[in-house]
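**Student:** This is the structure I have questions about; it appears just below.
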Amino acid sequence: MEMEKEFEEIDKAGNWAAIYQDIRHEASDFPCKVAKLPKNKNRNRYRDVSPFDHSRIKLHQEDNDYINASLIKMEEAQRSYILTQGPLPNTCGHFWEMVWEQKSRGVVMLNRIMEKGSLKCAQYWPQQEEKEMVFDDTGLKLTLISEDVKSYYTVRQLELENLTTKETREILHFHYTTWPDFGVPESPASFLNFLFKVRESGSLSLEHGPIVVHCSAGIGRSGTFCLADTCLLLMDKRKDPSSVDIKKVLLEMRRFRMGLIQTADQLRFSYLAVIEGAKFIMGDSSVQDQWKELSREDLDLPPEHVPPPPRPPKRTLEPHNGKCKELFSSHQWVSEETCGDEDSLAREEGRAQSSAMHSVSSMSPDTEVRRRMVGGGLQSAQASVPTEEELSSTEEEHKAHWPSHWKPFLVNVCMATLLATGAYLCYRVCFH
């Protein structure tokens with residue numbers, strides 16, 4: 001397959017960064033005037049990730065129709081997506097208003113609520129304990145009907161009710177839960193299986209409104225999801241995988257929302273996902289067998305994502321740089337969620353990824369041995385501290401053995417005294 005050869009050549013030459021920069025320079029740039037209005041500042045998660053004016057979703061509100069979301073229409077593929085940022089606490093109602101007004105049936109979430117100690121998205125759907133949430137600002141109620149937790153994703157069945165008309169609709173919430181922080185999955189297998197589960201639900205069909213896709217900024221992982229889906233759809237329609245140019249498709253999508261695909265690594269992963277998906281479409285038995293294994297959805301996580309070991313139980317007072325965490329408010333220990341321009345997005349993610357890789361690689365067996373030695377040393381030190389009883393018994397023992405300690409010294413003194421006295425007496429007798 002031509003695309004696979006292209007991938008291998010780029011990989012061998014290490015040209016992903018250069019190709020990514022070319023895409024960035026060729027990408028369209030359109031005005032975002034509405035997003036920059038002062039009244040909309042608190043509706044943007046990142047100050048420099050904004051929807052273009054010509055493709056932004058407009059809410060049916062008289063006072064303010066703004067939401068940080070873009071409609072992406074891929075004509076040949078006959079596919080439409082709404083890409084949006086992770087909802088903020090003050091925009092959760094707007095998010096569900098958009099879902100209602102656009103008649104969307106599915107929501108795809110590609111991030112976790114908390115990542116790297118930073119809040120990436122508000123909790124905009126009810127959890128098991130709550131069962132329902134009411135959004136008074138938009139007159140909507142959301143109820144959790146069921147939750148199906150798989151090894152690398154979760155599917156939630158939600159009911160969205162318009163409190164004014166009492167009309168209800170079923171919404172499917174597809175939550176991919178194993179995308180590594182500041183990186184990409186090692187293998188596209190589980191990601192593609194997740195994509196095909198979304199397809200099978202009918203949420204992407206023309207019978208419904210555009211599917212809503214989000215991560216944190218709504219451009220990186222979200223762009224990867226939509227790019228892979230569109231390319232695979234075009235391959236299937238054309239019956240010629242080699243005719244699909246991923247770079248060209250991405251540039252077309254960037255006409256509707258800025259910054260889709262944030263890093264060179266995400267671009268590389270998109271190629272991998274499309275190549276793997278194309279093999280499945282073309283009937284590659286090895287790929288199909290692998291996907292059958294994933295489809296069993298047993299309790300074991302796929303090999304590409306093994307979670308870190310559980311953290312030890314939290315101590316009452318945990319020192320941090322000479323301070324105790326519990327003496328400070330919790331927000332002081334969470335990095336501030338800000339984001340500069342698209343360059344800084346990529347740089348920040350790249351730095352975090354490289355530092356994460358460095359920290360993982362530096363966790364050598366020697367490090368673990370040293371940690372255990374330090375722990376053992378502390379335990380030994382604690383064990384060697386005598387108790388009060390031990391101290392008192394030791395003192396008594398010293399008192400009991402006092403004569404035995406001084407006896408040799410006293411004997412020597414007495415002997416020396418006797419010898420000196422004898423010598424003196426001999427001297428007196430002999431010479432006087």
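Going from the start of the chain as shown, residues are counted 1 onward.
Positions of Cβ are set from backbone N, Cα and C atoms, glycine also.
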**Student:** Out of Ser295, Ser335, Ser359, Ser384, report back the residue that Swiss-Prot marks as phosphoserine.
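**Tutor:** Record lookup, Swiss-Prot, feature phosphoserine, residue Ser335.
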**Student:** Provide the three-state secondary structure of Tyr20 (phosphotyrosine) computed with DSSP.
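**Tutor:** Helix, per DSSP.
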**Student:** So among Tyr20, Cys215, Gly220, Ser242, Ser243, all listed as recorded positions, which is physically nearest to Tyr66 (phosphotyrosine)? Use the C-alpha atoms.
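**Tutor:** Going through Tyr20, Cys215, Gly220, Ser242, Ser243 one by one, the closest to Tyr66 (phosphotyrosine) is Cys215.
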**Student:** Cα-Cα, whole number of Å: Cys215 (active site, phosphocysteine intermediate) versus Gln262 (substrate binding site)?
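**Tutor:** Counting only the Cα atoms, the answer is 12 Å.
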**Student:** Which of these modified residues is closest to Ser216 (substrate binding site) if you go by CA atoms: Tyr20, Ser50, Ser242?
**Tutor:** Ser50
**Student:** Where the distance is taken from Cα to Cα, which of the binding-site residues Gly218, Gly220, Gln262 turns out closest to Tyr20 (phosphotyrosine)?
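**Tutor:** Ranked by Cα distance from Tyr20 (phosphotyrosine), first place goes to Gln262.
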**Student:** Long-range same-chain neighbours of Ser50 (phosphoserine), Cβ under 8 Å, sequence gap at least 6?
**Tutor:** Cys32, Ala35, Lys36, Asn44, Asn68, Met258
**Student:** Take the C-alpha atoms of Gly218 (substrate binding site) and Ser243 (phosphoserine) and report the distance between them in angstrom, rounded.
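**Tutor:** It is 28 Å, counting Cα to Cα.
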